[in-house]
Amino acid sequence: MEDSEGTDGTEEDGCRAGGWFHVEAIITHGQRQVSSDEDEDCTETGEDVDFIDNRVPGDGQEIPLQLYTQQIAQDDEATVQALKRKFVASPLSACSCIENDLSPRLDAISLNRKSEKAKRRLFETEPPDSGYGNTQMVVGTPEEVTGDENSEGGRPVEDKEEERQGGDGEADLTVQTPQSGTDAAGSVLTLLRSSNLKATLLSKFKELFGVGYYELVRQFKSSKTACADWVVCAFGVYYAVAEGIKQLIQPHTQYAHIQVLTCSWGMVVFMLLRYNCAKNRDTVSKNMSMLLNIPEKHMLIEPPKLRSTPAALYWYKTAMGNGSEVYGETPEWIVRQTLVGHSMEDEQFRLSVMVQFAYDHDIVEESVLAFEYAQLADVDANAAAFLNSNCQAKYVKDAVTMCRHYKRAERAQMSMSQWITFRGNKVLEEGDWKPIVKFLRHQGVEFVSFLAAFKLFLKGVPKKNCIVFYGPADTGKSYFCMSLLQFLGGAVISYANSSSHFWLQPLSDSKIGLLDDATPQCWSYIDTYLRNLLDGNPVSIDRKHKTLLQLKCPPLMITTNINPLEEDRWKYLRSRLTLFTFNNPFPFASPGEPLYPINNANWKCFFQRSWSRLDLNSPEEQDDNGNTSEPFRCVPGDVARTL
């Protein structure tokens, strides 16, 4: 157990400060003494311990482990400093990093830093420095793009070059970049090229044709909007395809105006097309991409300006030159704005023509008239003048007002027989009178008694001017009355509006009226205020913004779930009402299909069948006394002049 351990060494080997040395404990096994070279002596009493270390570092007395740790720490610190010097940017270059590496939008939100350099690229495509000298680049650095010379560090930018296929200097063409690592940079560059593509095509178009593309077209924001006329400009078309498109496009179009030019990208085909049917932008894009064999993003597709004289003159003038090929009939919007004859025919807007249009089409709503008349601008000169006017709202309001006046006067001078004939002439279908008779029999109503009451009702005989249809719910009371009201063009009044002074105003513009679903409160109101209305005598009706109107109340139909003849509180209404009871549920042949259909055609046939029984004037008598249904004309006719 007491074998001698350790390594023999001289004192000179252990005292050299510049090299490695061995310090070992020398133990005398007999006396168990520790060598004086050892730092700690457990047998010492502590009286001669020196608490202040006055040793000079590096005198050769350090512990080897501590020295080794210091050397490792120094090496790590040197390595970290080298990395920081290489990768960490200084405060002076922080602005350049943000401009080149990040989006300009991120730099725009900074409050302290203002950059004066022009920003044309969002990402720097330079790969990370490998540390082995300069790296040859294929894409220009941001210093080259912005036009600034490399003034930081005093080193010029070397070995940087850019290769493009088209020579136009834009980002839409293919850019060859070295395989420097990630796919993210490549996808971002593809996105940038796509965003700049349209601007590049517009610039090239103006350079080739000498006119802006949007000066000839109007923009459709939606690609689903259909139009028959389209302006297409395709870039990068092969020569053989550009020559063959003149024949390939003919089966799809009625008119084509084609121009073909040559540029550094290839052939450019510029076309004005009128398709056989209306198409949207997506359909046109797919069609032209298939015919021209080019990507859809290499085309500009918009509809032409239809009311622009300069645009029409451009198409007219270029069609006369030898640089264009045209086939088909020239569109009317070009002819209208270019030919002398059509220019002389342009006239100012005439309100009477618009009023006649509203009268002929029975339009009494301003919004409907404005929409319908504006659609005639391509075929009607007065409608085109209406669209060119700055007073469209005033014209529409005046035309509807005049149409209502004419309609009201025409209705007032017609008798009930003439009015039924007038309304029946508007129905072109052939109907059957039997469903009406069968429905009345289904409800237990005698047809003869109904005809007798209906004859007095149409004549407006006093005390017989109101018919009440009484019965439980879902028996067809409203269905029967509404169908008759629609055929005769009547008006509906509602007790819900009885708080207004003008709730009876619709009766002044109709030949027949309907009060649907009268409640006990409604019958009490009628018994209090509207007895003369049920009599058929002249009454005074208040109208909004107008003076009181005195007129004879038109025949009035009332539907109700309450029998007013059985209530003693309404005993004064019994002599003024003619009551018919509907007790049976409304019959259906199938869900949603009535067993006895009652429509305008059936009512027309019913009146024709029972014309004599209702004691209506025959059409022959009307012709003898003068036909009051002569078409109204507020526009003077054209005089035919012989040559």
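Positions of Cβ are set from backbone N, Cα and C atoms, glycine also.
As the structure is a computational prediction, the values presented were derived from the model and not from experiment.
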Swiss-Prot annotation (motif 'Nuclear export signal') - matching range among 102-111, 202-211, 212-221, 432-441:
102-111
Tell me which range among 30-58, 610-638 Swiss-Prot lists as region 'Disordered'.
30-58
Round to a whole number and give the Cα-to-Cα distance in Å for the pair Thr475 (ATP binding site) and Lys552 (SUMO cross-link).
31
Reported mean pLDDT - the region 'DNA-binding region' (180-346):
84
Quick one: among the binding-site residues Gly471, Pro472, which has the most Cβ atoms sitting within 10 Å of its own Cβ?
Gly471
CB-centroid shell, 8 A cutoff, ATP site Gly471, Pro472, Ala473, Asp474, Thr475, Gly476, Lys477, Ser478, site residues removed:
Thr559, Asn561, Phe582, Pro585, Phe586
Greatest C-beta neighbour count within 10 angstroms, which of the binding-site residues Thr475, Ser478:
Thr475
Between Ser478 (ATP binding site) and Lys552 (SUMO cross-link), the C-alpha gap once rounded to whole angstrom:
25
